[in-house]
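J.: This is the structure I have questions about; it appears just below.
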């Protein structure tokens, strides 16, 4: 598989630097976070980095599937919601972390669950950008970001094949 014309391949080193840059931006706003909500699966890696840098210990996941194959976004499916304890007060004092906001559909779904939370993503595209409070890099809507966990020397199919949601 060859990369599309507007491809943005991200190495592990680059992603780590960008996630730390996100943590710096969040630290600069002086907010004390009572919890972090990580959007799986893409938000797991930046959440680990940001939670370390900001010393956030209470970490929750929200599991939403929208890409049911590699490159086609489908209907949103909430596989695991947010605990009532984290969701209280509309998510006040909660930091939501994801790798990317693309079309904004996933971000809108999580924003509806936690309307008072702060949404941070490492990368943002124009359609999703209005839903993000803090991000590091904006890329054009027609650029495909290749994250390091998706790549070998070429695109790598997951070991477990088939769609599980």
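Placement of Cβ uses the backbone N, Cα and C atoms for every residue, glycine included.
Quick paste of what Swiss-Prot says about this protein:
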BINDING   41, 42, 98, 99, 100, 101, 102, 103, 104, 105, 106  5-phospho-alpha-D-ribose 1-diphosphate binding site
BINDING   99  Mg(2+) binding site
BINDING   102, 145  xanthine binding site
BINDING   102, 145  guanine binding site
BINDING   102, 103, 104, 105, 106, 144, 145  GMP binding site
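A description of the local structural setting of each listed feature is requested, covering burial, neighbours and distances.
T.: Annotation note: residue 100 (5-phospho-alpha-D-ribose 1-diphosphate binding site) sits in a strand segment as assigned by DSSP.
All protein chains considered, the CB of residue 99 (Mg(2+) binding site) has 24 other CB atoms within 10 Å.
Residue 145 (xanthine binding site): 20 other CB atoms within 10 A of its CB, across all protein chains.
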J.: Around residue 98 (5-phospho-alpha-D-ribose 1-diphosphate binding site), which residues of its chain at least 6 apart sit with Cβ under 8 Å of its Cβ?
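T.: Within the chain, residue 98 (5-phospho-alpha-D-ribose 1-diphosphate binding site) has Cβ neighbours under 8 Å at 38, 39, 42, 43, 46, 106, 107, 119, 120, 121, 122.
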J.: Max Cα-Cα distance in Å among 41, 42, 98, 99, 100, 101, 102, 103, 104, 105, 106, the residues listed as binding 5-phospho-alpha-D-ribose 1-diphosphate?
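T.: Across 41, 42, 98, 99, 100, 101, 102, 103, 104, 105, 106, the widest Cα separation comes out at 16 Å.
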J.: Consider each pair of residues in 102, 103, 104, 105, 106, 144, 145, all listed by the record as binding GMP, and report the largest Cα separation in Å as a whole number.
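T.: With 102, 103, 104, 105, 106, 144, 145 as the binding residues for GMP, the largest Cα distance is 17 Å.
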J.: Please report the distance from the Cα of residue 144 (GMP binding site) to the Cα of residue 102 (5-phospho-alpha-D-ribose 1-diphosphate binding site), rounded to the nearest angstrom.
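T.: On Cα coordinates alone, these residues lie 10 Å apart.
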